[in-house]
Amino acid sequence: LHQPPSRDSTHPTHNPHEGHSHLTLTERAPFSSFCKGIQEDRELSHHSSCCARAPIALQLSLPLAEIDSPPPIMSKAAAVKEAVKESLLGAEEPVQLSAQTKARFIANAAKDEATGELFMGPDEFTKAVAPEDEDFHKIKREQYGILFGVADRKGVGKITLSEWAAFENLLMKPDAEYEIAFRLFDVDRTGNVKYEDFRKLYELNKGPDSIPFDWECEWAKLYIGSKKKRHHMDYPQFSQMLRGLQGERIRQAFQLFDKDGDGFIDPEDFERIILETSKHKLSDHLLENLSTLCNISLGSKVSYANVRAFQNMIKEIDLVELIVRRACAKSPDGKITRTEFLNQATKITRFSLFTPMEADILFHFASLDEPSGRLGLGDFAKVLDPSWRNAVYDADDAASRALAKGATASKAVLTSILESAYNFGLGSMAGAFGAFMVYPIDLVKTRLQNQRSARPGERLYKNSIDCFQKVWRNEGPRGLYSGVVPQLIGVAPEKAIKLTVNDIVRGYFTNKEGKIWYGHEILAGGAAGGCQVVFTNPLEIVKIRLQVQGEVAKTVEGAPRRSAMWIVRNLGLVGLYKGASACLLRDVPFSAIYFPTYSHLKKDLFGESPTKKLGVLQLLTAGAIAGMPAAYLTTPCDVIKTRLQVEARKGEATYTGLRHAAKTIWKEEGFRAFFKGGPARIFRSSPQFGFTLAAYEVLQNIIPYPGKPESSKVHTGVGDAISTLKEKLDTSPFARSRNALKIILDIDEDFGKVKVPSQESWKKLPAFMQTNGNNSA
């Protein structure tokens with residue numbers, strides 16, 4: 001209905017003579033904030049005077065009172081006739097009335113018993129825009145009720161479906177926050193805010209102990225005129241006044257507490273000023289540590305320069321995060337210093353330069369728990385409060401919560417199954433790739449472990465290199481890949497289940513900050529190793545028998561070559577799980593060592609962080625290094641497993657079980673036999689898991705799970721201009737109403753709160769006075 005506000009294109013300009021000042025180094029920071037404050041005041045005054053002279057480009061031919069006037073009341077006969085007509089011919093609803101809007105209205109509306117019509121009163125309206133299960137630790141739920149005055153255009157105390165649709169449409173506007181505030185104070189619906197109406201609403205809603213504000217000050221006169229020359233404010237003028245109001249409130253409050261007039265106040269007074277003016281949009285971390293602001297200087301008090309710099313910093317919080325994100329992305333370890341922040345700010349901004357004091361304040365509050373001076377996004381997140389976000393992220397969070405709460409049990413199970421299938425598929429591809437790359441090393445390892453050295457002349461191979469050379473010479477390149485097909489078929493589900501179980505268990509024990517206790521990491525790895533034995537044992541026994549039959553063919557004349565299917569049929573289901581206890585003994589400790597080591601190598605050695613993604617070579621290296629201790633320390637278990645699963649030759653002892661195999665090997669071959677093939681096992685397991693884990697993580701990036709959030713980012717709350725976050729359509733009235741309340745609460749923190757009347761207020765009520773008079777009589 002009104003002309004939209006023009007975007008303020010002015011920016012605080014940098015003083016070109018600031019670098020030539022003769023002030024000392026300790027004086028420059030407050031002086032720069034002083035200069036910046038003068039420039040902002042000059043621009044605000046100039047802009048307000050311009051706005052006062054600017055004509056409204058668009059005028060409506062009809063007054064608003066006629067537009068908002070209620071339609072004539074329909075008689076009962078006409079209503080019946082209209083109902084019959086609708087039932088016979090149908091009725092067409094307005095195009096702009098969406099099904100979602102109608103459903104939301106019906107879900108929260110009450111029914112008028114007399115007419116049968118649905119309507120929303122103040123309570124139903126509050127229930128619709130502020131559901132009880134939302135977060136109200138910043139803004140109280142009752143305060144959302146003040147928006148009912150905006151939706152109730154006729155002022156009758158209830159709203160219809162069309163009025164609710166109009167309110168939702170208003171919330172969707174890009175300047176909804178300012179327009180809602182304007183409509184709230186435009187009591188007569190004339191398209192202008194009267195000073196008297198504004199003051200009346202202000203006085204009714206301000207807190208009883210609020211810091212007083214002088215509406216007769218010179219700043220206010222620039223917008224509303226002097227006492228004898230008051231004028232109304234149109235929408236652009238009113239919105240511009242609201243934008244600068246918080247700064248003036250802080251200035252007046254500072255002067256009130258600066259009783260000595262020396263430009264300093266106590267930290268407790270500063271804390272009260274911020275709590276009353278900005279509590280609704282600052283993080284709990286900031287609010288709890290406001291009194292520490294005096295520590296950025298040598299004194300014990302807070303100067304006006306400190307207060308102004310703090311206000312500028314929170315006012316430009318969107319720009320602050322953009323600079324922090326870009327600076328952290330360019331840093332090798334994902335952390336930055338104050339100097340790096342200022343350097344990046346100079347590259348991004350042209351006019352809105354941050355003063356040294358503003359940077360000091362930002363780093364002071366961000367480094368309270370990290371005094372090293374190098375801070376990452378996690379440290380800045382305490383200042384850039386994640387509970388107060390752009391409409392984009394508010395919508396994202398609200399939609400996610402709504403989906404989570406509204407989903408049925410079957411839907412949740414289906415989602416879990418699909419995600420597990422996704423991880424299983426990627427794990428299968430990664431596992432097959434890793435197994436193929438190192439299969440020749442695995443064949444050498446198996447033949448060395450199966451070689452018994454109890455009797456002279458039985459040693460076929462001296463070491464791993466000798467074994468490789470003899471296989472190549474006697475069996476050719478194909479001999480190095482003997483049994484690779486069943487290995488690839490079997491290793492896919494084996495590695496897939498290992499990676500999937502590890503991810504599931506780690507995800508269960510990981511807290512909201514993304515941290516997990518080291519004991520839980522070991523448990524997750526051990527659980528993954530235990531689950532994989534279901535696939536590992538049949539695979540291992542078939543693979544091992546295929547790998548050793550090549551050497552049997554060379555030493556025993558007429559020895560038949562068996563296929564994988566023949567071995568499976570010959571062993572049967574029970575035989576395929578021969579040596580499963582030894583397989584468990586190997587795979588559980590292997591995974592319990594491997595996965596935590598891999599995770600900590602990525603984070604501690606290569607510096608993986610929310611702002612630093614590792615490359616393929618770094619992932620390969622981390623996987624390979626983690627595989628070395630895991631592979632070598634579990635070699636004895638692998639030797640026992642191999643001996644149990646290999647088919648014994650003529651004249652060789654047959655092992656009956658785990659203990660019997662261990663005792664026999666110790667007795668006949670000694671302790672060193674338990675580490676046979678240890679180096680080959682390292683050279684096989686280490687690169688195999690390096691290839692597997694690297695392929696798994698690369699595949700997760702190439703083929704992301706649909707709808708899964710990008711967990712590698714720290715969402716601290718405001719827009720990310722690096723295009724790492726996707727915008728989502730805001731469908732939640734709660735999130736949009738909360739954004740509108742931010743502007744209104746800049747006027748006074750207690751707007752919309754239910755107040756208990758004081759004794760003086762009770763005495764002014766006619767009913768109270770009448771009762772009091774009767775009692776006295």
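Just so you know, glycine gets a Cβ as well, placed from its N, Cα and C.
The shown structure was predicted, so the numbers you read here are calculated from the model rather than taken from an experiment.
Over in TrEMBL, the protein carries these features:
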REGION    1-25  region 'Disordered'
COMPBIAS  8-21  compositional bias 'Basic and acidic residues'
DOMAIN    173-208  domain 'EF-hand'
DOMAIN    245-280  domain 'EF-hand'
REPEAT    418-508  repeat 'Solcar'
REPEAT    516-604  repeat 'Solcar'
REPEAT    614-702  repeat 'Solcar'
Tally the residues of the domain 'EF-hand' (245-280) by DSSP class, grouping H, G and I as helix, E and B as strand, and everything else as coil.
27 helix, 2 strand, 7 coil
Which numbers of helix, strand and coil residues does DSSP report for the repeat 'Solcar' (418-508)?
75 helix, 0 strand, 16 coil
Quick one: DSSP breakdown of the domain 'EF-hand' (173-208) into helix, strand and coil?
21 helix, 1 strand, 14 coil
